[in-house]
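S.K.: According to Swiss-Prot, the protein has these features:
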{"type": "DOMAIN", "residues": "39-150", "note": "domain 'tRNA-binding'"}
{"type": "DOMAIN", "residues": "400-476", "note": "domain 'B5'"}
{"type": "BINDING", "residues": "ASP454, ASP460, GLU463, GLU464", "note": "Mg(2+) binding site"}
{"type": "DOMAIN", "residues": "692-784", "note": "domain 'FDX-ACB'"}
Amino acid sequence: MRVSFNWLQEYVEFDFTPSELAEKLTMAGFEVEHVEDRRTWAAGVVVGRVLECAPHPQADRLHVCRVDIGTGRLLNIVCGAPNARAGIYAPVAPVGTYLPIKDLKLRAASIRGMPSEGMLCSLEELGLEKASEGIHIFPEASLPLGLDVGPLLGLDDAILEVASTANRADALSMVGIAREVAALTGGILRLPLVDAPLVPRGDLAARIAEPEACPVYTATLLEEVAVGPAPDWLRERLEKAGMRPINNVVDVTNYVLLEWGQPLHAFDADRLAAGTLGVRFAHKGEQLVTLDGTERPLTPANLLITAGERPVALAGVMGGEATEVGGQTRRIVLEAAIFDPPAIRRSARVFALRTEASARYERGVDASALEHALGRALQLLADCAGARAVVQATDDYRRRENRVVSLRPERLAQILGEDIPDAEIARVLKNLGFDVQTGPQEFAVTVPGHRLRDIEREIDLIEEVARVVGYDRFAPTLPPPADGGYLPFEDFIERRVRSLCQGAGLTEVVTYSLAPDRDQQPVVLSNPLSAELNSLRTNLIDGLLEILRFNRSQGNMPFHAFEVGVVFLRSDEGIFESGRLGAVMCGEPAVGDWQKLTPPFDWFAAKGVLAAILQPWQIEVEYQADRRDERLHPGRTASLWVSGERLGTLGQLHPRLASRLDLPEQTFVFEIDLDFLIDLVRERPVEFRSFSPFPPAARDLSFYAREALTVFEFERLIREQGEPLLESVALLDEFKGQGVPEGCRSLAFRMVYRSDHTLTEEEITAVHQRVRQALAERYSVDLRS
C-alpha cells in the first residue's frame, strides 16, 4: 500500500523523517519496500509570472519569455510549450536547479541565438504526469512570486510503499497504518471525525440469501447528486495512492476504501431494476458485463449483487457496466457490505480480476467499522457532490464476537528473555487498540474488531508486545552452561541391546507394525488402511520371517537380522504396548564358499547368539522345552525363564511353516520381552569383584542322569554349592546309547575354581565333594568320576 506521509500526519502526531518512520515500520513487521521522497522532485522550482511572450526570431515553434520570479531581475527563458503566454503563473526552474525525474541540471544556454536562463516546467518534468502537452499553468489568479511550488503541487510529501502480511488486513488502510504508527511512536491518534446524517428506513429493501457469504449488507439511496470532478485535495490523495480519479462519487468510495479499508460501491439508482437488492450465488448460465466492458459467464461459485433478481455486480470484486455512475447520474445507491473472504477469492481467481476491493475482502474486512466507514462516505458525498441521503435498508446477520485472550507476563518474559514491566505491557496493548484488564497473575485482553483476524492466542499478544517494544531491545544472550546430558535408563539399555545385537552379527531391520488378522487375540483397527493389514502386530517374529523371505528371494543370504519394537497385546485391563527384541537367523552357506568353511547354522549357534546378547547383564536364564508355539519345531524350541517369569522364546522354524514360506528348515528365531529385561537390569545390584591374579584349578565331573532333567538344573545346583570358590561351570559332553542306562544320558561338566589366594588341594576337594553330594541327593545322579 502507498502511504502518504502528509496524510498520515493528519491522523497521528510524530516527529520522524520518512526514512526514520520507514525503519520503525520495517522493524515492526511492516516492510517499507521503497520511500518515494517527492520533496526533491521540485527542489528549487518556484512560482513565476510570464510578463512577456514573443515569438523566437529564429524558430517558428519557440517563444522568448520574460519571467518574474520575485528576485527583482527578470529572467529570459526560451520555451517551446504551445500554451506559453503572457500573464500566466507557472513553475520556473532557474539556472542551477536539478530536476531528478529528468536527471537534468539547468544551466544558462543560448538557444538559436537567444539566451535562456532557466525553464518553464511541465508536470511531466516534475514527475506528476507521464506525458504533458505543455507547461503547467496554475489556476490561481494571483500567487506570491518566488514561492516554492512543492506545496502547491503536492510535492512536499513522501510516499511509503508498505508491504503487509496476509493476516493483517487492517494494514491496507490509512487508519490501520496510523494505529500502528501511534503505537510505535507514542504519538496521539486523531482518527477522522464522522458527522453522518441519520438515514431513515423506507421503501428500499435489501435481502441476503447467503448469510455465510455476506453477513451484512447496507444500501443507502442518495438524491440530488451532482457528478463532477472531485476536489483537488481528494484527487491528489488518490493519485499519490496510485489510483486514477474518475468522478466525485467514485472517488469518494475509493477514498473511504483507502482511509478505512472498507470497500464501497455506488450504483446509478435510475439504472437499477425495480425490486429488492439481493445477495446470492449465481445461477448456471447467467452473465454479467463488468465495468471494464468484459462479458463474464457466471458459475454457481460466484457471489452476486442483484436488483430485482438481475445481476448488477460481482460482489466484492467489480460492479456492472449497466449501473455505472456517469455524468447524467442524479440518484445513487451506495453499497456497504461484508463478504466472506473465500467467496471473493474464488470469483477474483476465476476471472483473474484482482481489484483494490477484492484485495481487502480476501484478507477480511473489519465488520465492526462498517457503519463508521459508511457514515464517512455519506459525509464526503454531501460535501463533494451535494448528495442527500434519503432512505437506507440493512440486512444484518453479524455475530458480535467479544474475544478475550489471557496474557501472562511470566510467560511473556520466558518467551522474550527479558522482564518487561506490567505497566509497559499494558501501555503497548492499549496503544494498539486492545482493552486491557490487569490482574496479579495475568491480563485479560479484549481484542478489537480490526484485529480479530490475527489475534487468537497468548503467543499472538506476546508477538505484538515484542514488535512494538522493538526486537532490537532483546539483546542476544548465551544460554547458561548446561549440565552434561544423559539418556534415560530405558533408552540406554535399548541402545546397548542394539549394539550387542550388531556385535553378534545381526543386521537391524524395521518391519510394519500393522499385520493381518490371524492371531488369537488381535488388536483389530476400526478403520484400517487395507483389508490385509487390519490389525496391530502381537509379535515380531511374523514380520521378521517376511523380511527373511523377501531377502532370500533376492539372493541376500545368509541372513541374520534383529528388530527392536513394540507389540500390542490385550489383557483384562485393555490394550497395552510391550517392548520386544526379535531376531531371525538363517545360515545357509554363502555363495562362493567352495572350501565349505562356513558351518551350517544350528540351534546351538542360535542359542550362542542369544547368550552373547544376554551375557553382559549377568542374568541367569533357564531354558525349558516348549511346544506351545505352533510356528516352531516342537523338539527344538525353548522358553527362557528368569526367577520364575518368562523372558522369551528361542526355537527353530517348524518344517511345515518353513515349507509353506519356502524357507530353509534351519531357520531360527527368538523373541524376548525387552521391558522385562530392562526391569531385570535395573533391579540387579552392581557388584565389584577384583580380578584374581592367582591360578585357577579345574575339575571334571561326569554322571548318569535322567533325560527329563535339564542341564540348566544341574548348572544352577553346581553354582549354588560351589560358592564362593567356583568361577565357572560348562557342559563338556553329552552321550546317549550303548553303556548308558535306559532313560538316562551321560553328562560331563568342567568346573573352574579360583580365589584371592592359591588354592590348596584340601580347599578344592572340600567344595568339589560338596557339589558331588548335592547332585546325588537332589537329582539321584549316578556319579562316574
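Each residue's number is its place along the chain shown, starting with 1.
Backbone N, Cα and C atoms are what each Cβ position is placed from, and that goes for glycine too.
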S.K.: For the domain 'B5' (400-476), what are the DSSP-based totals of helix, strand and coil residues?
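M.R.: Helix/strand/coil tally for the domain 'B5' (400-476): 36 helix, 11 strand, 30 coil.
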S.K.: Around ASP460 (Mg(2+) binding site), how many other CB atoms lie within 10 A of its CB?
M.R.: 16
S.K.: Taking the centroid of the Cβ atoms of ASP454, ASP460, GLU463, GLU464 as the Mg(2+) site, which other residues of that chain lie with their Cβ within 8 Å of it, listed in sequence order?
M.R.: ARG451, ILE455, ILE459, LEU461, ILE462
S.K.: If you count Cβ atoms within 10 Å of the Cβ of GLU464 (Mg(2+) binding site), leaving out that atom itself, what do you get?
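M.R.: Cβ-Cβ neighbours of GLU464 (Mg(2+) binding site) within 10 Å number 23.
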S.K.: For the domain 'FDX-ACB' (692-784), DSSP counts of helix, strand and coil?
M.R.: 31 helix, 32 strand, 30 coil
S.K.: For the domain 'tRNA-binding' (39-150), jot down how many residues DSSP puts in helix, in strand and in coil.
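M.R.: For the domain 'tRNA-binding' (39-150), the helix, strand and coil counts are 3 helix, 41 strand, 68 coil.
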S.K.: Across the whole of the domain 'tRNA-binding' (39-150), what does the mean pLDDT come to? Round it, please.
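M.R.: Across the domain 'tRNA-binding' (39-150), the average pLDDT comes out at 91.
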S.K.: How many neighbouring Cβ atoms, not counting its own, are there within 10 Å of the Cβ of ASP454 (Mg(2+) binding site)?
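M.R.: The Cβ of ASP454 (Mg(2+) binding site) has 18 Cβ neighbours within 10 Å.
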